[in-house]
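Here is the structure we will look at, set down as structure tokens.
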Amino acid sequence: MNNFKQKKISSVQLEEGQKIPLTIKRLGINGEGIGYFKHKIVFVTGALPNEVVVAKVTKVLPKYATAEIHRIRRTSSDRVSPRDVYQVGGIELEHLAYPQQLNFKRDLVKQALEKYRPQGFKKYQILSTVGMKNPYFYRNKAQFQVREKGGKIIAGLYRRGTHEVIDLPDFSTQGLLTMKVVRQVCHLIEKLGIPAYNEKNNSGIIKTLIVRESFSTRQVQLTIVTNSAKLIHQTALIQEIHQTLPEVVSIFQNVNPGRQSLVWGEKTKILFGQEKITEQLGTKKYNLSVRAFFQLNPQQTAKMYQIVADALALKPTDHLLDAYCGVGTIGIFLADQVNSVRGMDTIPEAINDAKENASINNCSNTEYVCGTAEDVLPLWLHQGFHPDAAIVDPPRVGLDQRLLEALLQSKPQRLVYISCNPSTLARDLVKLARIYQINYLLPVDMFPQTPRAEVVVKLTLK
Ligand SMILES: C[S@@+](CC[C@H](N)C(=O)[O-])C[C@H]1O[C@@H](n2cnc3c(N)ncnc32)[C@H](O)[C@@H]1O
């Protein structure tokens, strides 16, 4: 009844397919242009601020509508020709000039602060976003769906909002080696007649190719995700990959049967070569196991870690906390500058990798524990651990309340918050700003051409 009423109210003004004139006021957090039609907010994919467009409504909901561009009447001077013409995710801002993308990411931080209003927020220094010289070909990992179309094997991403796979023979944000491997493996799958997955009938074998390249060693790790445990022509496929793609030094099969929203299934087995590939950031080496999280943009990661080092102004006597440590990347990067590093993460494989990475870099002053930050830190504090400096690098949900309380209790003198979500960051700063001075917020562009923003915040105890 309620739903029916709401639909009626919203359809009074707008209908799907209707063409409406709109002036775009600003960009939303997902990179869409925002305009208002008779006070109703309309998100227009691909539209830019100050543009006047005729938009075609694609969906009408009680609180907002979505639309696509039918025609641009007045074009923004910041509009550029995108290199990619595909309707897929990961390139939402490719039509916006890069300097404006960087401004947009800084603005997202400002908007989040204005929403949550942590103490003194109007005086916070939000620095200019650190961008890339060449904001393309930066992704070290491709995760492409494999399908058959018109007798050809294709690999790519889903068309926005659908489950139709769009073939991507090239993709400007993707590392060139990852693309080369995806295309050649598709060619071999086709040549050997291995059936690609068919989502409609839940038939076929090869579902997804996950390709990760090391930018420093040029080694490639390939995972073939399959619908069934048996991979027909496995020996021939591996042999051909080995012969034609010497960069691929590690091949895994992951079995993920049936229609799944998750890409990875439970079982992963090695088919060829070594278990791990090696990446290098600065002078430190990192061995990456197949499921381990590693930053997707190594070039910007190295810059970001240097920014973190500068913000922490570490001393040889410092005990450093690396909360949400992943495979230990950042703590190991900084281990030479401090007395000790302690980190925790919830993924056992990541903690094993962190220990191994500490060992191959001769960092004997590190300790890694598997567990949630909110459980482990209070325990360590209870045992007498007192961090002088701390890094928190949580997932998008931000800091757990218990971890926040533990931080407020332990009061590390210098704190760096690395956030991949300005909104949860601003929320968490409300508590942290009670005892910390917010020295600056520095956005770092880890994902050019997308609306995703990463921010480094320097905090010092008041
Ligand atoms: C954004 S990543 C940061 C990884 C690492 N600092 C790096 O730079 O590569 C967030 C990490 O937090 C871990 N994680 C998620 N929830 C957690 C929790 N409650 N406690 C500890 N770690 C958690 C994830 O497994 C992931 O490795």
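In case you wondered, yes, glycine gets a Cβ from its N, Cα and C as well.
Remember, it's a predicted structure, so these values are computed and weren't measured experimentally.
The active site feature in TrEMBL is assigned to CYS420. Sequence-distant contacts of CYS420 (active site), defined as residues of its own chain at least six apart whose C-beta falls under 8 angstroms from its C-beta, comprise PRO395, ARG396, MET446, ARG452, ALA453, GLU454.
The active site, nucleophile annotation in TrEMBL covers CYS420. Look at CYS420 (active site): DSSP puts it in coil.
ASP393 (S-adenosyl-L-methionine binding site) falls outside any helix or strand according to DSSP and counts as coil. The C-beta environment of ASP393 (S-adenosyl-L-methionine binding site), restricted to residues of the same chain at least 6 apart in sequence and closer than 8 Å, consists of ASP322, ALA323, TYR324, CYS325, GLY326, ILE330, ILE418. Taken from TrEMBL, the feature S-adenosyl-L-methionine binding site applies to GLN295, TYR324, ASP345, ASP393.
Per TrEMBL, domain 'TRAM' is recorded for 13-71.
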In the chain carrying ASP345 (S-adenosyl-L-methionine binding site), residues 6 or more apart in sequence that have Cβ under 8 angstroms from it: TYR324, CYS325, GLY326, ILE351, ALA354, TYR368, CYS370
Remaining residues near the recorded S-adenosyl-L-methionine site, that is with C-beta within 8 Å of the centroid of the site residues GLN295, TYR324, ASP345, ASP393: PHE293, ASP322, CYS325, GLY326, THR329, ILE330, PRO394, ILE418
For GLN295 (S-adenosyl-L-methionine binding site), nearby residues of its own chain (Cβ under 8 Å, 6 or more apart in sequence): THR301, THR329, MET446
